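Single-structure report; data block below.
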Amino acid sequence: MTAPQATSHAADAGATESDLPLLRSERIWSFRRFSGMNVTLAIATWAFLQGGAVALYVGAKGAIASIVIGYGIAVLLVALAPCVPTAKYGVEMYTGLRSVFGVVGAKVVMIVMTVLVMAAWTALLAIMVGHALANVMDEIVDSSFATSGVAISVAALLAVVLAWVLLVGGPQRVGKVGNIAAPVMVVITLGMLVLIFDRASWSEIASAAPLYPMEDQHLAFMLSIELNVAGGLAWYPMIGNLARLTDTPRASFWPNAFGLFAASSVAAVVGVFAALALGSDDPTVWMIPLGGAVLGVAVLAFIAFANLTSMVAEAYSGISAITGASDRLRKIAWPVLSALFLVPVVVICLFPESVYNNYGRFLSWVAIVVAPMCGVQVVDYFVLRRARLSLRDLYLPPQQSAYGFWAGWNWVAFVAVGLGALTYVALLHPVNYEPNSGFQYVGASIPALVVAGVVHWLGTLLVVRRTGRGGYATERSR
Amino acid sequence: MPDPTFDEELERRLHLLEDPASSDRILDDLPARDVLLAALGLVVLTVVLLLWGYPR
């Protein structure tokens with residue numbers, strides 16, 4: 001194979017769609033464009049769903065405080081890791097995680113995160129499209145599709161097919177769709193705010209009780225904070241591969257403050273107001289009472305379309321990760337790989353209420369894994385490696401790479417994540433969502449993140465570095 | 001099984017990214033003051049919102 005053919009291969013495959021490290025000249029997202037993409041992601045209907053869930057526990061003022069605090073903490077963390085390292089080195093996020101979990105271990109992490117977490121998020125969005133379309137049909141033809149699981153599944157599957165069509169176009173097409181959807185979603189969110197305050201005054205909304213009020217208001221507030229920290233951390237599996245496409249370090253960091261933090265907070269707060277004013281936590285049932293039949297149907301239809309943008313971005317990020325798992329996967333054509341990624345999404349869409357009606361628990365399951373991972377990566381990259389990676393070693397086989405650790409696995413990082421997960425479970429039961437002693441002071445995600453980070457730091461100093469593994473000594477001396 | 005085409009392209013990219021004189025080198029570090037500014041802003045926002053919005 002000649003060098004020109006090699007270059008042609010990369011161009012044909014699209015470096016942005018493989019796990020090859022991106023050059024500066026290939027970064028397609030400036031500060032402004034990544035901000036736009038970030039806002040688009042943030043003002044999807046999942047922010048409204050988040051607001052609806054928060055309104056279960058606290059009233060308007062507590063909701064605003066808990067959303068801003070919870071999202072603020074979580075988004076700052078995910079803006080640091082994975083965004084900063086993926087943007088600096090242009091590496092696919094899970095390829096970068098080889099420096100943390102080992103060359104082989106990172107592939108297992110990638111498969112778990114991609115297949116379970118990212119597919120579940122994509123499915124959640126598709127199911128929301130299904131709910132939105134079912135409500136539209138009910139209004140137009142006076143049917144009762146919104147209460148039919150089969151109808152919602154069919155509409156969700158239609159959304160999955162449309163997402164696949166958009167995915168085949170690659171990340172540039174995602175950006176084009178985002179350019180259309182983002183400004184309209186901003187208008188819709190602000191329009192909802194106007195319509196809500198047309199129905200109720202601030203004092204009425206501020207005095208409205210939560211949908212399921214708890215006797216212990218402090219505990220309710222902490223549950224709300226936890227819900228929002230988990231909601232913010234849930235961006236971890238996907239945002240790194242989007243930040244990878246940015247062209248400056250600041251472009252990878254600050255747009256998260258505008259989108260994932262500020263825009264998400266505004267949309268979630270609007271969701272809280274709507275839920276409190278209308279007495280329902282389901283965003284797809286708010287629009288018609290708020291806007292009337294014609295406007296409500298139009299908004300629901302547009303929200304279904306806008307959700308497609310988020311589905312495509314989520315799926316794109318997951319598929320980018322999959323291509324890094326093996327040479328065999330890398331050779332699969334992009335359209336086929338996209339279709340394969342969507343298979344678990346299709347399966348989840350067949351059981352629409354399992355995710356949609358258990359949003360808080362779903363977030364809890366995501367946070368159990370993601371919070372410790374985020375803590376481990378922040379400590380590994382910023383504290384132990386002082387923001388220095390060996391790019392070449394990320395791509396070497398375990399026996400040659402500084403990131404080989406023990407046959408390709410860094411057990412210390414896995415133990416740290418495991419102990420972090422146990423900390424979470426000890427503080428908040430992930431199945432029944434019952435808090436245990438201590439939760440009322442510290443929540444669950446942040447302690448899980450801190451425990452994992454500290455265990456990884458100590459384990460690396462006491463075990464990994466002493467045995468000369470992981471390339472830590474080399475990177476510190478650079 | 002290794003993909004020689006991929007490996008050649010990877011080598012070309014690593015060479016460009018690792019060369020400090022290349023216009024396609026890795027990006028610079030995020031300035032520490034950006035992180036400090038973000039963290040400080042978050043602390044201030046948190047204190048203000050707790051004083052205003054904590055349920056009583």
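The backbone N, Cα and C atoms fix where each Cβ goes, and this holds for glycine too.
As recorded in TrEMBL:
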type     : residues  : note
TRANSMEM : A:34-58   : transmembrane segment
TRANSMEM : A:64-87   : transmembrane segment
TRANSMEM : A:108-133 : transmembrane segment
TRANSMEM : A:145-168 : transmembrane segment
TRANSMEM : A:180-197 : transmembrane segment
TRANSMEM : A:217-236 : transmembrane segment
TRANSMEM : A:257-279 : transmembrane segment
TRANSMEM : A:285-311 : transmembrane segment
TRANSMEM : A:332-356 : transmembrane segment
TRANSMEM : A:362-384 : transmembrane segment
TRANSMEM : A:405-427 : transmembrane segment
TRANSMEM : A:439-464 : transmembrane segment
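Counted over residue pairs separated by six or more positions, the transmembrane segment (A:257-279) shares at least 3 Cβ pairs under 8 angstroms with the transmembrane segment (A:64-87), which defines the two as touching.
Sequence-remote contacts of a segment are chain residues at least 6 beyond its ends whose Cβ falls under 8 Å from one of its Cβ atoms, and for the transmembrane segment (A:362-384) they are 53, 77-78, 80-82, 84-85, 97, 99-100, 109, 112-113, 117, 120, 124, 227, 229-231, 233-234, 236-237, 355, 413, 416-421, 423-425, 428, 430, 433, 444-446, 448-454, 456-457, 460, 472, 476.
When Cβ-Cβ distances under 8 Å to the transmembrane segment (A:285-311) are tallied for each of A:64-87, A:145-168, A:217-236, A:332-356, A:439-464, the top count falls to A:145-168. The transmembrane segment (A:108-133) is in contact with the transmembrane segment (A:34-58), judged by 3+ CB-CB distances under 8 Å for residue pairs 6 or more apart in sequence.
Below 8 A, the CB atoms of the transmembrane segment (A:64-87) and the transmembrane segment (A:145-168) form no more than two pairs separated by six or more positions in the chain, fewer than 3 in all. With a cut-off of 8 Å between Cβ atoms, the residues of this chain six or more beyond the transmembrane segment (A:332-356) that come close are 13-14, 17, 114-116, 119-120, 122-124, 126-128, 130-131, 149, 152-153, 156-157, 160, 163-164, 167-168, 170, 315, 318-319, 322-323, 362.
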